[in-house]
Amino acid sequence: MTEITMTPETRQSAHRIQLALLSVLIIGLVIAPFVLYPVFLMKVLCFALFASAFNLLLGFTGLLSFGHAAFFGGAAYFTAHAVKEWGFPPEAGILLGVVGAAFMGLIIGFFAIRRQGIYFAMITLALSQMFFFFCLQSEFTKGEDGLQGVPRGHLLGFIDLSQPLNMYFFVLAVFAIGVFMVWRIVHSPFGMILRSIRENENRAISLGYSVNLYKLAAFVMSAALAGLAGGLKALVFQFATLTDVAWQMSGEVILMTLLGGIGTIFGPIFGAAFVVTVQNYLSTTGFPVTVLTGLIFIVCVLVFRRGIVGEFNASRLAAKLGLRSRN
Amino acid sequence: MTATGVNEKPGNHQNPAASRVVLTARDLRRDFGGFTAVNNVNLDVYHAKVHALIGPNGAGKTTVFNLLTKFLQPTSGKITLLDHDITNMAPARVARMGLVRSFQISAVFPHLTVLENIRIALQRPGNLAVQFWLPLGRLDVLNDRAMELLTSVGLENEYDSQAADLSYGRKRVLEIATTLALDPKVLLLDEPMAGMGGEDVGMVAELIREVAKTRAVLMVEHNLKVVADLCDHITVLQRGEILAEGDYATVSNDERVKVAYMGTDHD
């Protein structure tokens, strides 16, 4: 791959094009609820945020977690319980979900980072399955029924979230903040160290970095952001169920991230939008969704491993636009 | 050519402090299951000297490196660095104390630029490694020092290339420059010349000679010409144990070494 040398002028125009694309995306998301079904859009945004949080770990730190459903679904339970049973306002309920997910991330991460590769993935899977069975048995999750009829409440006491449009723009704002946080973490001094660990862990150690602390920090941040997505989803759908903590959910977020493009900011967003859309269409036809997602997974791994956004970034067009990612 | 800009006093290699021991290993032993990979190894690495560790394949050279840098825990024995016992320390901590290693396969961060590679090493001492809330632009304060290091090894024109796109020899040079960014007291180089073309060998040898004026260097190397030219002291390992020690003349005339390592008649 030849690197295109960029003069300050082309760099500046590339910057302008990137800003233009971003504005188009934002305007599209603002107009979207007037054209499309808002609940569908909110579902996309929740999963897009979840996948972005997951990608912080897989794409930018090089850690494949197979237990992210625990943080997503766990936060959904925490938020739903706090709002429904304790009468928390929505913002406090979501905050509780985030803190809960971060705490779980600390515990699961603490054990998982001791091993690498497939063993790391297996430990996260095992611990998240333990959490799944805890949720299945425990009182507060209401077992198979789940927590239903969670009120959306009033944001800051005066914005009525039971109005679909109000809820949509609240979700959009939280989504934007969440993705911005991922972007900020990745493009920060800390993010550079995470990338160095992904690139060559032993070298990072030999330069004096206690890589386990960095990995744990990244794990907790990823878990917290996944919790943000989960808490939000509990308010959107007004329920929290076992589906969100099941291992299939961990698999789905891997698929979304892989399909969209590992290690790119926009990849997980497009991947999540694609998967959620496909699921929505198929749910009315009776065609088994898992068969299709399995096929998509195989095609993705065989033909375009960089994912939708990753392949685009590697294309000539993207190079002209100055979008080539150098990660 | 100046390899570093750090505390280089002329004639430092002649001053009395230069002959002090900075890294020692005593009765080092490492078992893997029933197999003893390293046994009864004693080493003294001196400041401002180049010390070579040679031996046939499987002699345990890389294992000794891994033990000294704590990437492996010794089964028994003691390691001291600058009079501190580091036998039970974590590898990152040992690195922070000034014992920095390279690896057999070149250790750069391939998908980062050359400049970013150097900056990774400068970030920790510069206290810019944990700030996840700051923009990347904050790292620009490290650019001057990074470019200074790159210029000292002749990589300044490639600062914006991806490390993966450098030639093999230049990756090695980048790796050494990255290591020097930490201003280490002891440098451990695992086969720095492996797989290199002739001119690159000369370039890296010159760089090591320069670097060793102000710090201790311990290197594993197969290229005997390099060892003869560069190294003040040589330790020969065979089957995990020390076979012979001394300068090149002593070692190369040792009958056991000739038989075990260089063949019966190495000329």
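Heads up, residue numbers simply count up from 1 along the chain you see.
Placed from the backbone N, Cα and C atoms, the Cβ positions cover glycine too.
Listed in TrEMBL:
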type     : residues  : note
TRANSMEM : A:21-50   : transmembrane segment
TRANSMEM : A:56-80   : transmembrane segment
TRANSMEM : A:92-112  : transmembrane segment
TRANSMEM : A:118-136 : transmembrane segment
TRANSMEM : A:165-186 : transmembrane segment
TRANSMEM : A:216-241 : transmembrane segment
TRANSMEM : A:253-275 : transmembrane segment
TRANSMEM : A:281-304 : transmembrane segment
Which stretch from A:21-50, A:118-136, A:216-241, A:253-275 shares the most C-beta pairs under 8 Å with the transmembrane segment (A:281-304)?
A:253-275
Relative to the transmembrane segment (A:118-136), which of A:21-50, A:56-80, A:92-112, A:165-186, A:216-241 accounts for the most Cβ pairs at distances under 8 Å?
A:56-80
Taking a Cβ cut-off under 8 Å, which residues six or more beyond the ends of the transmembrane segment (A:92-112) line up next to it in the same chain?
65, 67, 70-72, 74-76, 78-80, 82-83, 120, 123-124, 127-128, 131, 153, 174, 215-216, 219-228, 230-232, 234-235
Quick test of the contact rule: Cβ under 8 Å, at least six residues beyond the ends. What residues does that give for the transmembrane segment (A:21-50)?
68, 72, 164-165, 167-169, 171-172, 174-176, 178-179, 225-226, 228-230, 232-233, 236-237, 253, 256, 268-269, 272-273, 275-277, 280
Residue numbers, six or more beyond the limits of the transmembrane segment (A:216-241), whose CB comes under 8 Å of its CB atoms:
39, 42-43, 45-47, 49-50, 52-54, 56-57, 60-61, 63, 65, 68, 71-81, 83, 90, 93-94, 96-102, 104-106, 108-110, 112-113, 141, 145-152, 161, 167, 171, 174-175, 178, 181-182, 185, 190, 194
